[in-house]
Amino acid sequence: MPAGPFDGTIASSASFGRGVSASFEDEEPLLDELGIHPDQIWKKTRSILNPFRINQTVHKDSDLSGPIFLYLALCLFQLLAGKIQFGVILGWVVVSSIFLYIVFNMLAGRNGNLNLHTCTSLVGYSLLPVVILSAVSLFVPQGAGPVRFVLGAAFVLWATRACSNLVVSLADGGEEHRGLISYACFLIYTLFSLLVIF
């Protein structure tokens, strides 16, 4: 079969003038090229699922693809509940990441080494319990107020523990400020849970 314009080969920009071509098999996978690693996202998500034993070494390399996935999942569950809150949730993720960044770096002083990218990644991955709360609350009737509050409190404590443990373990000087960091995380995830409960 003669080689046509769509024969499965591509020409790279460096070899365009020389007639050398490469095949699609030589190309890097699209997810790797975009910096999205599903196995790494799964490991980080799985480490958050156990609130008593979180694997901190997995979270040393921060990324934003997992938190964006969890943000979209929370928005989807809220949409299924009849609440259109995409902009509100996105705004709260951004503001809460900046809030945690400022609080920790003010507490740590010159020793603060937690950057905004890492804060956004930690806040996003620790949003998993709130996403689960949003999914569970679809099946809890609106009239069951005390049940919804107890569920919300349990999931907020889970998210707070996960986020504060990760911040303390990944940043230098976080151990001495564990209580204040936990309080900031508690405020962040209480706001998200109030979106789900009401």
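Every residue, even glycine, has its Cβ placed from backbone N, Cα and C.
Where the annotation comes from TrEMBL, it is an automatic prediction and has not been curated.
Not measured: the values here are computed from a predicted model.
Feature list (source: TrEMBL):
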type	residues	note
DOMAIN	47-196	domain 'Yip1'
TRANSMEM	64-81	transmembrane segment
TRANSMEM	88-108	transmembrane segment
TRANSMEM	120-140	transmembrane segment
TRANSMEM	147-168	transmembrane segment
TRANSMEM	180-197	transmembrane segment
Tertiary contacts of the transmembrane segment (120-140), as residues 6+ beyond its ends and Cβ separation under 8 Å: 44-45, 48-49, 51, 59, 62-64, 66-68, 70-71, 73-74, 77-78, 80-81, 93-94, 96-97, 100, 147-148, 151-152, 155-156, 158-159, 162-163, 166-167, 170, 185, 188-189, 192-193, 196-197
Whole-number mean of pLDDT values that fall within the domain 'Yip1' (47-196): 93
Long-range environment of the transmembrane segment (64-81) - Cβ separation under 8 angstroms, sequence gap at least 6: 35-37, 40-41, 44-45, 89-90, 93, 117, 120-121, 123-125, 127-128, 130-131, 134-135, 137-138, 192, 195-196
Residues in the domain 'Yip1' (47-196) grouped by DSSP into helix, strand and remaining coil: 118 helix, 0 strand, 32 coil
Surrounding residues of the transmembrane segment (147-168) on its own chain - C-beta under 8 Å, 6+ positions past either end: 48, 51, 54, 56, 59, 100, 104, 114, 119, 122-123, 125-130, 132-133, 136-137, 140, 174-175, 177-178, 181-182, 185-186, 188-190, 192-194, 196-197
